[in-house]
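Reading through the structure tokens given below for one structure.
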Amino acid sequence: MEKSSYFLFGGTNFNKKKFAPDFAKFKNSTEDDDSNKKVNFFVEEEEDTEQPEAEKVIVSSKKRKRRSSNSVPVEGFDVFKSSKKARAKGKAEEQITKNEIVENPKKELNRQMERDALSRKQYSIHVSGNNIPPPLKSFAELSSRYGCEGYILRNLAELGFKEPTPIQRQAIPILLSGRECFACAPTGSGKTFAFICPMLIKLKRPSTDGIRAVILSPARELAAQTAREGKKLIKGSNFHIRLMTKPLVKTADFSKLWCDVLISTPMRLKRAIKAKKIDLSKVEYLVLDESDKLFEQSLLKQIDCVVKACSNPSIIRSLFSATLPDSVEELARSIMHDAVRVIIGRKNTASETVKQKLVFAGSEEGKLLALRQSFAESLNPPVLIFVQSKERAKELYDELKCENIRAGVIHSDLPPGERENAVDQFRAGEKWVLIATDVIARGMDFKGINCVINYDFPDSASAYIHRIGRSGRAGRSGEAITFYTEQDVPFLRNIANTMMSSGCEVPSWIMSLKKKKWRKHRPRRDSISTKPKADKNDTDE
């Protein structure tokens, strides 16, 4: 066989007899000049210049050496390698995308939590609890986030609310998210709208199925005021807000009475429950306004009766007050589930917009003289004066009547009509001075009270905060003067601490007094009169 044929068939055992016709075709075919060239599939094409015969290596099919890693890759193999790289790269990118999808919500959640924390810090909002909703940025969010009806936003605008107050920013989203809460915010900070607004949004539309919301207030005056404020907010809707009055308890058929929101004092509501005149099983919202007063020992049985009557398993309870003692907080947690705690500013502190001062009067006679002197120097009505009891309210009223001062008086012995008349005259400016007991210190909103005078030393820090809170409401400035006598000195330190926490200056000697364990400070006081004691004794004889 020729050399070229040998190369072609080298390493094979070809049966020439069996494949004779085919072999003849190959042998007789015309061969090109290039056919004599050696074919090598494992090295690059030889250059045109012929190399010596010795340098031409014939690679045996039995012993094929693997190509070194430095050799140029075959095009076909390189394509497969690049496709593997592409697949590996694609998988890596896919994994990164999946990780980003998982991480992005976490990052966004963390950013949102940071924004919420900054907003709360800006408005001195302190919260504790789980999964707390973000505070409101504006009232417009009530529509975008919660589907608030237009009439509520219109009424808020007409009432002069441009931006939510701090308590409204946080309490409204909490209640709208279906959570229970107890909130402590300074007097005059808009707590009433903070619980009525979400109540109306969640109730959505009026219903004839019975009472769906109950608001409890410790005093009739506060209940009446809450009803007035609520009716301002439902203007333009078909909601019905009713105040529980004495005639209503006696004569009303609550099964036929159209009432969405009922506002009452605990005693009146308890009477209606005991008489089986009212069904509270469908109540969706229960609000305890001025809850620290409602949880006092004298009202606990009444509150317990109302709470049991509101038996709806999905009811949402909320507590609002200007002060939140630890004992009240503990009781609140016993009737609430997974509640959020909201504190605006510092807990149990007076409003920072009220200028506070202590005045030593020495004795009961000295207090009356100090009051007359303050009126002579600068009577800047309207002025609210607080005394310890209804007897002392009557005595002070008799004294001021003789001074030709346009004064009114309100206490629990007066019939409801006279009490309402006294409050209305004071609001209208017909009376410059209103003498009151602590019954009116809770939540009553008198626009523009310039001065509060604690004629009798308050019996607790909580009472002090609520009293002076009638002034300096809704960001206005005000003044609070507290008279004290020798028998009040042991309790000065407690009030001084409250004053300091709201930024007021207190004499150093008062802060050096021993801090006394606080109890109700209601000393027996002499009657209010300008007559000297000797003259009083002569008159008695």
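Glycine is treated like the rest: Cβ placed from N, Cα and C.
Database features (Swiss-Prot):
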type     : residues                                                       : note
COMPBIAS : 43-52                                                          : compositional bias 'Acidic residues'
REGION   : 43-72                                                          : region 'Disordered'
MOTIF    : 141-169                                                        : motif 'Q motif'
DOMAIN   : 172-342                                                        : domain 'Helicase ATP-binding'
BINDING  : Ala185, Pro186, Thr187, Gly188, Ser189, Gly190, Lys191, Thr192 : ATP binding site
MOTIF    : 289-292                                                        : motif 'DEAD box'
REGION   : 517-541                                                        : region 'Disordered'
COMPBIAS : 525-541                                                        : compositional bias 'Basic and acidic residues'
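Sequence-remote contacts of a segment are chain residues at least 6 beyond its ends whose Cβ falls under 8 Å from one of its Cβ atoms, and for the motif 'DEAD box' (289-292) they are 182, 191-192, 195, 215-218, 222, 226, 319-325, 328, 332, 442-443, 462, 466. Listed in sequence order, the residues of the same chain lying 6 or more apart from Ala185 (ATP binding site) and placing their CB within less than 8 Å of its CB are Pro166, Ile167, Lys191, Ala194, Phe320, Ala322, Val342, Ile343, Ile344, Gly345. Taking the mean position of the Cβ atoms of Ala185, Pro186, Thr187, Gly188, Ser189, Gly190, Lys191, Thr192 as the ATP site, the remaining residues of that chain whose Cβ falls within 8 Å of it are Thr165, Ile167, Ala194, Ala322, Arg473. Neighbour density for Thr187 (ATP binding site): within 10 A of its CB lie 26 other CB atoms from the protein chains shown. Residue counts for the motif 'DEAD box' (289-292) under DSSP, helix first, then strand, then coil, are 2 helix, 1 strand, 1 coil.
Shown are the binding-site residues Pro186, Gly188, Gly190; of these, the residue with the fewest other Cβ atoms within 10 Å is Gly190.
In terms of DSSP secondary structure, the motif 'Q motif' (141-169) contains 19 helix, 0 strand, 10 coil. Within 10 Å of the C-beta of Lys191 (ATP binding site) we count 25 further C-beta atoms, all protein chains included.
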